[in-house]
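Visitor: Before I ask anything, here is the structure I am working with.
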Amino acid sequence: MSIFQQSKPVGDPLLNPQKTHARRREATLVRRLAVRLPLLASAAVLLFFVLAAIAPNLLAPFDPLAINPAQAFSAPGAGHLLGTDESGRDIYSRIIHGARPSLLIGAAATAIGLGLALVLGTIAGFGGRWLDFGVARILEVLFALPGLLLALVFIALAGPGVATTVIAVGLTSAPGYARIIRAQIIALRTSPMVEAATVLGRSRSRILTAHILPNALAPITVLATLGLGQAILWAAALSFLGLGAPPPAPEWGTMLSAGRTYLSLAWWMTFFPGLAIVLVAAASTVLSRSLKSGGGQ
Amino acid sequence: MSAAEPILRVTDLNVSFGGRSVVQGVSVTVNPGECLALVGESGSGKSVTARSLIGLAGSGSLVRAETLEVAGHDARNLSQRRWRTVRGRQVGFILQDALTSLDPLRTVGKEIDDALRVHSKGSGAERAARVIELLEAVGLDDPVRRAAQRSGELSGGMRQRALIASAIALDPVLIIADEPTTALDATIAASVMELLGGLRQSGSGMLLISHDLAAVATVADSIAVMQGGRIVERGPREQIFEDPQHPYTRALLAAVPAGKPRFTRLSPTAQATAATSSHSQPGEAAAPNGLPGAVVRPLLRARGLAKTFPLGKSADLTAVRNVDFELLPGRTLGVVGESGSGKTTTARMALGLLAPSAGTVEFLGEPWSSVPESARRPRRALLGAIYQDPLSSFDPRLSTGAMLADALSGGATRNPRAHVGEITELLAQVGLDAGLAARNPGTLSGGQRQRLAIARALAPKPRVLICDEPVSALDVSIQAQVLDLLDDLQRQLGLGYLFISHDLAVIRHMSDEVLVMRAGEVVESGATEQLFTAPQHEYTRTLLAAAPTLLGR
């Protein structure tokens, strides 16, 4: 078989990699770790803040509201890990205690947005031509206004506070979700799958609840984790403007706002709450992205 | 290269992907003016073989051969650069799916012109003239207009012709066609095959790849049958058809429904389902009308059925007009016609999914199409349906078992454990392993998916099944098994089938009575054998002439 041994792989050598198995395995291991590193880091960050939200006393060494004027404006260091504010309150402890309201506001706002979107999307997708027309126009108007402006209008009407912040942020995120749900429902409504269910004698409501909604919501759950970071960001922005949680409360946006006055004197008062917001928003975005691309490999 | 030299000479071709061997020791030779057909089912390695011959086996592939000469070049040593001059100029490649092979944003003329331009043949005006000449050569009407159209504006057959035009633009000495007619209607497929046969007469060699022996019967000079990456039998066409040696070749020939009377088994008995054991003899089961003496009431009856779709202000689209039929228990009513003939619209009206514009459908002697869905729902269990693409009719979130539990319980539960016995029984009835209940339908093969769809349709114990192109997407050998299964179930359960297909051979094999549809109208109807042996209508004759048959049968 001398001729056979002369034979070569046909075509582009790049298309016919002849790496040894060991080398290939090593390469894939490194690549896999590189792919997973941001994912693992994000999971760790979120776990930390969720733990902080559930049991802040476990992680925080000080009372977030305890005033100690003697210690005011301490720089980050041994006694106070991330420094103290103008009343000598420990920034680290305040960030830990602030996790609960901040995360809750984000989660509640996303839930409200999703709930509203589900109602609007289902009405539009399932309600017939005129309802669809009406809802679509409402969504377009909501889309035309910048999200934050919409939230501000709502707060101006309903008055500031945590509850109104949550509703305002939920309201602004609803149109995006609603549009996707509507499109999903319309596509599913005429799908062979629904036709098959009709042929099997399923009722309209049964088809809606058992086949259409679960399949329409699958892509939305991924999107909602992406929206969670966004909602936390918006809630913090509204608090920063003084429209959310009132000042003494350890809410991240409120802390940012309070620190702003002393920015030249004590940078840590704004930097660390801001970092917490960025970390949570970024981590939830990375996680949802990997969910979207199929559960991170 | 002298004319006597073979255009394609391959000996001992081996292709593997990541250590998994998919083609083993394949040797083929194609001489000028000769057509070799490579036939086998999906996964037999025939397409990989073809792609390897033009250096496109794909990423991760390892191709080895003792000899691999394509149009006088030793293909084993060709650089990518040299390959590009060989492909297109000396080897033309025609794929099954012309829609995805042509750029949707460019005109057909531009697409063909590209081939000429890349290989620098002539000035712009010369090339434009050549494009028109080519489109004319492949039998497109009004080639000047066609050249200015995009692939989306052409029908499937026209697209395939345009693709052939681009493949033969540079007068290649070798043409490789991979399932060129599989996606086409019978009459169109026949004319495309004829076109391919004509190309061979100009001295080109041709390698034709298909899963269907009948499809290549008219064109191939010799045939090589592939199974599991090897050529198991080869020989001149007549020899393969008349004296097949290998059991796999015999199975493939037996799978072709053309010319096989009703109730003849198409698949080997070993593959027949568990259902076959309890059968009566074919002849006796074929006795029409089941019940002796009694007047048999039709299961499904359509009277003057019509459907018109409004298309804006002026013209309405009449999809179906004035269709009458009766479906009796234990019988099959075949509906045959090309795409757009109104077959599926008729089926949807029969299923009560589409309200007819005129006429009525009665189911079990009671109004069906004229009553609201809520009045149909209690009787829905008695009328099932299976479709061309079973997977899209399954909820992607449900496992096989959950789906059957849902169907068995009338939607009350999706817990497979609530109906373990019935699920196992159903799966066995359609010839599937009970272990598949835990799997997601997406992981099943095409044939298994269709069996599963049949199992789901059977779950509520229907009297009628409406089968809309149930085997069109399947390989001939798998098609044979599914058709046999439907046959078995009909005899066991006395089901009535409304069987829709564009494939005359399938219709003839399955039906007791046939409706031939064209442009929304029934042009001819009658008992199957009578209609096929003595067609009255011109169109039926055209269809019959176009249908592929096995030579000498």
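Every residue, even glycine, has its Cβ placed from backbone N, Cα and C.
Note: TrEMBL annotation is automatic and uncurated.
According to TrEMBL, the transmembrane segment annotation covers A:33-55, A:103-126, A:138-157, A:163-181, A:212-245, A:265-287. The domain 'ABC transmembrane type-1' annotation in TrEMBL covers A:99-288.
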Visitor: Hey, which bits of the same chain come close to the transmembrane segment (A:212-245), Cβ under 8 Å, at least six residues off its ends?
Guide: 101-103, 105-107, 109-110, 113-114, 117-118, 121-122, 125-126, 147-148, 151-152, 155, 160-162, 164-166, 168-170, 172-173, 176-177, 180-181, 184-185, 188-189, 193-194, 251-254, 256-257, 260, 277, 280-285, 287-289, 291-292
Visitor: Would the transmembrane segment (A:163-181) and the transmembrane segment (A:103-126) count as touching if the test is at least 3 Cβ pairs under 8 Å, pairs 6 or more apart?
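Guide: Checked: the transmembrane segment (A:163-181) vs the transmembrane segment (A:103-126), in contact.
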Visitor: Report, as numbers and ranges, which residues of the same chain sit near the transmembrane segment (A:33-55): CB under 8 Å and 6 or more residues beyond its ends.
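Guide: Same-chain residues near the transmembrane segment (A:33-55) but 6 or more away: 95-97, 99-100, 103-104, 276, 279-280, 282-284, 286-287, 290, 296-297.
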Visitor: What residues elsewhere in the chain lie close to the transmembrane segment (A:103-126), defined as a C-beta under 8 angstroms and at least 6 residues from its ends?
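Guide: Contacts with the transmembrane segment (A:103-126): 49-50, 53, 132, 135-136, 138-139, 162, 165-186, 189, 208, 212-213, 216-217, 220, 224, 227-229, 231-232, 234-235, 244, 251, 280.
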